[in-house]
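Before I ask anything, here is the structure I am working with.
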Amino acid sequence: MSIWELILAFVVVVLMLVALLANVLVLLCFLYSADIRKQVPGLFILNLTFCNLLMAVSSMPLTLAGIIYKSQPGGDQICHVVGFLETFLTTNSMLSMAALSIDRWIAVVFPLSYHSKMRYRDAALILSYTWLHSVSFPIVAASLSWVGFHHLYASCTLYNKRPEDRTQFTIFTGVFHTLSFLLSLIILCFTYLKVLKVARFHCKRIDVITMQTLVLLVDIHPSVRERCLEEQKRRRQRATKKISTFIGTFILCFAPYVITRLVELSSVVHINSHWGIISKCLAYSKAVSDPFVYSLLRHQYKKTWKDIINKILKRSSINSSALTSESHNPNISQLNE
């Protein structure tokens, strides 16, 4: 193995371990907190978490083996199943992010009618569509034998080995990425820009009220005035940073891989194998960033996993104190025996 391949293998191992740990933590928070389970967006986050977990235990290990051995890991059947799952899970995760953006758009732009427009039944219908949409493309690809081990990405994914199917595979790939990546990106941009517009409008209203208050309070201390102005600035930047993170991570992680897949269809451009694996690792990194972007950095999730940790530590401290008291009291030890 070259130094590049060692680095890429190490990156895949890190992505796989962090994705497993972070997504399992999100799942534990969902199971532990009844408040999170009651919220409609929790269904979308749960679906996204399962997609990321399955990606971490199915596609990532085979990509790691493909980098190490430079050949197809396992038999054809295993590779076909993993390639089917990889196509399904990637599409499903993209559409889940789009569903989360639609939920935020309805919650912010139509707050009074949110509970009537986004119920559990509505969320279940959206998830049903995402599953139907996501499974249709790998079914077509598998039926036409367009799933296999691709050396450029060192992974089991969409791959056409027959030159006579080149035109059909090109059309299929273009339609697939248009209705998965591009559609999700358009929905993300539309919904989050609408959310940003409403957030900025509310910030302006709050700024006006704040400035009027500061003018009326003549005797206010200068440090308090400065803190109010700094809070105004942070308030204006907060929504922009969050929305930039949602859209930016989606583009940064998926766009290089999608563009590489489309450029690959042209026989004119030669793509380096190292870049192919790097673009694949960027796509895998979405499974790492999603738990933090959508869940773990939010106040409710941080409070939940801190409660879980405190409960575990408290239980262990109680057990250790009980053992200590027993060791100091021989009568208790004799009774336990």
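Each Cβ is built from the backbone N, Cα and C atoms, and glycine gets one as well.
Pulled these from TrEMBL:
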{"type": "DOMAIN", "residues": "22-294", "note": "domain 'G-protein coupled receptors family 1 profile'"}
{"type": "TRANSMEM", "residues": "6-32", "note": "transmembrane segment"}
{"type": "TRANSMEM", "residues": "44-69", "note": "transmembrane segment"}
{"type": "TRANSMEM", "residues": "81-102", "note": "transmembrane segment"}
{"type": "TRANSMEM", "residues": "123-149", "note": "transmembrane segment"}
{"type": "TRANSMEM", "residues": "169-195", "note": "transmembrane segment"}
{"type": "TRANSMEM", "residues": "243-263", "note": "transmembrane segment"}
Taking the transmembrane segment (81-102) as reference, which of 6-32, 169-195, 243-263 has the most Cβ pairs under 8 angstroms?
169-195
Averaging the per-residue pLDDT over the domain 'G-protein coupled receptors family 1 profile' (22-294), what integer do you get?
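Mean per-residue confidence for the domain 'G-protein coupled receptors family 1 profile' (22-294): 87 out of 100.
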